[in-house]
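Engineer: Can you keep this structure in mind? I'll have questions shortly.
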Amino acid sequence: EGVLYFLDDDNIVSLNVFPELRAIREVGYMPVGQTGRLYERCVASNNKIQEIKTGWKGKPGNPRQFPVDMLGFGTRTGVMKNYYQKKNKNPAFDLDWKVGYLEDGWLQLFKDHLNELEPLAQDCKVIIIIAVTF
């Protein structure tokens, strides 16, 4: 069993990301640095995520349930296997999902609430990944 993590070639990742990914039991979240001194992170208490601090929570009238960057989470393959066994189909991105809501759609396949994500990177206090935008 492993972890599915969406890493792109225009991102900066510390080697410290790999122990964090290995620690994921189901679906884990870690903060993401962004260019221009911006970042997104969670507020966690008792190993539960309470809130995601981010500059974009969705379009007006259409908030994202999981307002996270694609770099900010990993999914244990066992969770994906359980999804397949329950739904009799592979977990996959839906072509009807709107731009900016792919992360939201993916995470909703496996979790119902933000507090079900596991806070990584010292309860989201350390940034070990940076999304670079050109």
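Using N, Cα and C of the backbone, Cβ positions are placed for all residues, glycine too.
Features from TrEMBL:
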ACT_SITE  E103  active site, proton donor/acceptor
BINDING   D10  Mn(2+) binding site
SITE      E40  site 'Interaction with galactose moiety of substrate glycoprotein'
Engineer: Within 10 Å of its Cβ, which one of these recorded positions (D10, E40, E103) has the largest number of other Cβ atoms?
Structural biologist: E40
Engineer: Under DSSP, is E40 (site 'Interaction with galactose moiety of substrate glycoprotein') helix, strand or coil?
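Structural biologist: DSSP call for E40 (site 'Interaction with galactose moiety of substrate glycoprotein'): strand.
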Engineer: Could you measure between E103 (active site, proton donor/acceptor) and E40 (site 'Interaction with galactose moiety of substrate glycoprotein') for me? Cα positions, answer in whole angstrom.
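Structural biologist: Each residue's Cα considered, E103 (active site, proton donor/acceptor) and E40 (site 'Interaction with galactose moiety of substrate glycoprotein') end up 14 Å apart.
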Engineer: Return only the integer: C-alpha distance in Å from E40 (site 'Interaction with galactose moiety of substrate glycoprotein') to D10 (Mn(2+) binding site).
Structural biologist: 18
